[in-house]
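Taken straight from TrEMBL:
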| type | residues | note |
| --- | --- | --- |
| DOMAIN | A:29-236 | domain 'PdxS/SNZ N-terminal' |
| BINDING | A:Asp46, A:Gly177, A:Gly238, A:Gly259, A:Ser260 | D-ribose 5-phosphate binding site |
| ACT_SITE | A:Lys103 | active site, schiff-base intermediate with D-ribose 5-phosphate |
| BINDING | A:Arg189 | D-glyceraldehyde 3-phosphate binding site |
Amino acid sequence: MSSFTVPTNLVASELTTTELNGKPPQASFQVKAGLAQMLKGGVIMDVVNVEQARIAEEAGAAAVMALERVPADIRRNGGVSRMSDPKMIKEIKAAVTIPVMAKARIGHFVEAQASILEALGVDYIDESEVLTPADEQHHINKHNFKIPFVCGARNLGEALRRISEGAAMIRTKGEAGTGNIVEAVRHMRTITSQIKRASAMNEDELFTYAKELGAPYDLLKRTAKLGRLPVVNFSAGGIATPADAAMMMQLGCDGVFVGSGIFKSGDPAKRAEAIVQAVTHYNDPEVLARVSEDLGEAMVGINIDSLPETELMAKRGW
Amino acid sequence: MVHTGDSQDNTQQVRVGVLALQGAFLEHVNILSRLPNVIAVLVRRKEHLSTIDALIIPGGESTTIALVAERSGLLNSLKDFVQTKPTWGTCAGLILLANEVHKTKKGGQKVLGGLDIAVNRNQFGSQIDSFEAPLNFANVTTSDTDLFPAVFIRAPIITSINSSDVKVLAKLEHNVGQTDASAVVAVQQGHLLGTAFHPELTDDDRIHRYFVQIVTQILNEKLKHAKT
């Protein structure tokens, strides 16, 4: 993993070229991670058809995630959840000008391959625990792809394992389809506090901590030095209100994914717009109060304690 | 650049705002903070505009930035600002500074305007067609061994130049997909600078220095004007 390059200027005064023994940063990773840098401060919205994609674009989404069913419906309907129909993805690509992402099952490298998502001109692939995993031990080797990947993580070890497999962007998992922010908060706080601990450690301690976290040592060392994840990190899974989104931003994420929270609410267009405003003005209580007004009904939501262990999506990923 | 004015000019601090509505604004701030005599300021409200000498509009999604600017009551103030104050747009920022934009979303998109050019959004296709290319950049690079490492991410290009005041600073130089090597990717029109690529995604701060130089020159001219 000595070839890993932190996206340039993601943080202040990060040494790059010279630190890597004079080797120039890898072109492909810079370009892959670069799109994630462009999405920062933005909202990526789950959409299941052209109409929703257009609502998302008009609301100011920085990208859309094209999928067959939003997580709340996946949860309700059960069964095996797979990659979306390429036809639907094509239609959404044609309907909007913002980047389009699509999900592949964990470990299902053929869903991600050139013949499918890459060839459709999808801009980012989400190797997602929201779909039914295809492999219970291995994730996709994302270095093999020209298209960038985003992956979910609950803790620092998981995030760094995904980055070492080639993910150019991370999102904290939360618990998708619940409309309940509690897991998103837990995962964001866990990662932040683990990074803080790592930053306070000397090298001897970092070796042990890497083993404890199951994280590649070099990436952990880099992360400890940066004081943040070495790629863009969004928050996901349970964001349903502008206040939820602003809270995740204040907790230190770079942007948010909103899945069921928008199109399972009473007035999707208005709520989507409000969440976009909340992510930009996350530190401005005046704006937050204004955009939170009169949004209609939020999605109902689920208490995560009431979900059986087997239905938790965040547990998928190894 | 040699100053002939009083010594105050040499140590003059320049306040450069970075529009922080969406996109890679912190990347610009991180480069600016390495430059001498530059203070970087995040701009999210119209009040912030009165505290800065110049503005950078970063990369991001131009539709998002335009919509958020409008809903934050910032669009008209930004339009006024770019009429007279030094402003640099990178990628999405270039699109927002163009007077004419093609390949926009359905129903079009609002822009600030200022540059007498037409741009094509997302010229090269989807992310898989994003690329890096070393470029000659007028006033910045000096030889073929000293090119600027340009990063193009779902980038626009400048398809036509509609005023003799617009100077071409950089071209693509090699064919990329369907796009000809002669495609213009950086321009300057007086106090406005536009690049289709992302200098903020590299460690090369020469274009940032060039922009600060434009700002300093304009400020000094104003100062001279005020004195005489």
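Glycine too: its Cβ is placed from the backbone N, Cα and C atoms.
TrEMBL entries are annotated by machine, without manual review.
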Candidate recorded positions A:Lys103, A:Gly238, A:Gly259, pick with smallest Cα gap to the residue listed as 'D-glyceraldehyde 3-phosphate binding site': A:Gly238
Maximal Cα-Cα distance (Å) across residues annotated as binding D-ribose 5-phosphate, namely A:Asp46, A:Gly177, A:Gly238, A:Gly259, A:Ser260: 12
Stretch-averaged pLDDT - the domain 'PdxS/SNZ N-terminal' (A:29-236): 94
Neighbour tally for A:Gly177 (D-ribose 5-phosphate binding site), based on other Cβ positions within 10 Å of its Cβ: 27
Beyond the site residues A:Asp46, A:Gly177, A:Gly238, A:Gly259, A:Ser260: chain residues whose C-beta lies within 8 Å of the centroid, for D-ribose 5-phosphate: A:Val70, A:Pro71, A:Ala72, A:Val130, A:Ala176, A:Thr178, A:Gly179, A:Gly237, A:Ile239, A:Val258, A:Gly261, A:Lys264
Fewest other C-beta atoms within 10 angstroms, as judged across A:Lys103, A:Arg189, which are the recorded positions: A:Arg189
For A:Gly238 (D-ribose 5-phosphate binding site): DSSP state (helix, strand, coil): coil
Chain-internal residues, separated by at least six, CB under 8 A from A:Ser260 (D-ribose 5-phosphate binding site): A:Asp46, A:Val70, A:Pro71, A:Ala72, A:Asp73, A:Ala176, A:Gly177, A:Gly179, A:Ala240, A:Met299
Cβ contacts of A:Gly259 (D-ribose 5-phosphate binding site) (under 8 Å, same chain, 6 or more positions away): A:Asp46, A:Met65, A:Val70, A:Pro71, A:Ala72, A:Val130, A:Ala176, A:Gly177, A:Ala236, A:Gly237, A:Ile239
